[in-house]
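Undergrad: Sharing a structure with you now.
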């Protein structure tokens, strides 16, 4: 864990008296198989008892983090603070700094029922879910008013920090690294959506994508996740929660939540990876504060796309490959939720881009390559045809 999380839209989730059980089969890295689990009402005690997690004592976590010393803080946000600590790899007992395995301990602010609900939801989902592109929750602590979560430590921090912070510690991410991160995050979402019933992540954003030492992307913070619709229902109805700039328009307008809401958020992050811009940035010129609204007209035109592309990526990519991702992002942010691709379809496209080498045909006739990209997209066909530079 590299940090806490940015401010969410300040509204409450619809109240519920239960959180459903998750008994998910372990899955491969592509996230394309179907996971199944039982579905039943569960109390807080049942959730904690059935989670595949260690129940840490407060004294153990104090020892692991050197009594939550200020210089152990690695992140801070609405949930509380995140501290760096160490535990023994075998026994999971506290160990001396620099020995054993590194952990991230997230301590809940001791106020508010919503924070407790999110803490419990995190245990309910990550206590049962297991996938290479989901951050690993090791354990929890519940003592009187103290509520903490213990995760694997994500050495590289968040995607948000690497994309938007400047300085010697955060070097610009290369094109290939960005594509690989997008693929990893897509696999994590696909795994959630392939569960029966589906799991809707609901807060997909750059700050919730954490990176290990090899820059592998993992989804974190399941406090807002919830089960998808059952039976013939197309959505679940909730009060709106999420992060400004990432939430799907139909969800903001109606509270109707589906897996296609996550797809929209994925499209926003794709645009952030392409542009190096935040989803919402009031420091940009007037008319460019909202990344989706500003970028949308440029995503199917080769010449115009250059205006969107992060200048730090110059010389690292072909415009044809960049256009494929831009068109994919355009499909994801479609106003019509039904026309957005599934995460399985997105994973397939991203895998092709990840392994694709520069094709000689692109150099010979780039217009043919671009036409093929445009014709395959239900959104791009409605935009002006690109011209060749």
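Quick reminder: no glycine exception, Cβ is built from N, Cα and C everywhere.
From Swiss-Prot, for reference:
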BINDING   74, 75, 76, 77, 78, 79, 80, 81, 82, 106  ATP binding site
LIPID     4  S-palmitoyl cysteine
MOD_RES   207  phosphoserine
MOD_RES   237  phosphoserine
MOD_RES   238  phosphothreonine
MOD_RES   243  phosphothreonine
Undergrad: How many Å separate the Cα atoms of residue 237 (phosphoserine) and residue 82 (ATP binding site)?
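TA: Counting only the Cα atoms, the answer is 32 Å.
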Undergrad: Run through the Cβ atoms and count how many others sit within 10 Å of the one on residue 207 (phosphoserine).
TA: 24
Undergrad: Among the modified residues 237, 238, 243, which residue has the largest number of other Cβ atoms within 10 Å of its own Cβ?
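TA: Compared across 237, 238, 243, the most Cβ atoms within 10 Å surround 243.
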Undergrad: Based on DSSP, name the secondary structure state of residue 243 (phosphothreonine): helix, strand or coil.
TA: coil
Undergrad: When a 10 Å sphere is centred on the Cβ of residue 80 (ATP binding site), how many other Cβ atoms does it contain?
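TA: Excluding its own Cβ, the number within 10 Å is 20.
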Undergrad: Sort residue 207 (phosphoserine) into helix, strand or coil using the DSSP assignment.
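TA: Going by the DSSP assignment, residue 207 (phosphoserine) falls within a helical segment, counted as helix.
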Undergrad: I'm trying to understand the geometry here, so how far is the Cα atom of residue 80 (ATP binding site) from the Cα atom of residue 238 (phosphothreonine), in Å to the nearest whole number?
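TA: With the alpha carbons as reference points, the distance is 25 Å.
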Undergrad: Do me a favour and check the Cα-Cα span between residue 207 (phosphoserine) and residue 243 (phosphothreonine); whole Å is fine.
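TA: Cα-Cα, rounded: 10 Å.
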Undergrad: Minimum Cβ neighbour count within 10 Å among the binding-site residues 74, 76, 82: which residue?
TA: 76
Undergrad: Residue 74 (ATP binding site) to residue 243 (phosphothreonine): how many Å between their Cα atoms?
TA: 22
Undergrad: So, in DSSP terms, is residue 238 (phosphothreonine) helix, strand, or coil?
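TA: DSSP assigns residue 238 (phosphothreonine) to coil.
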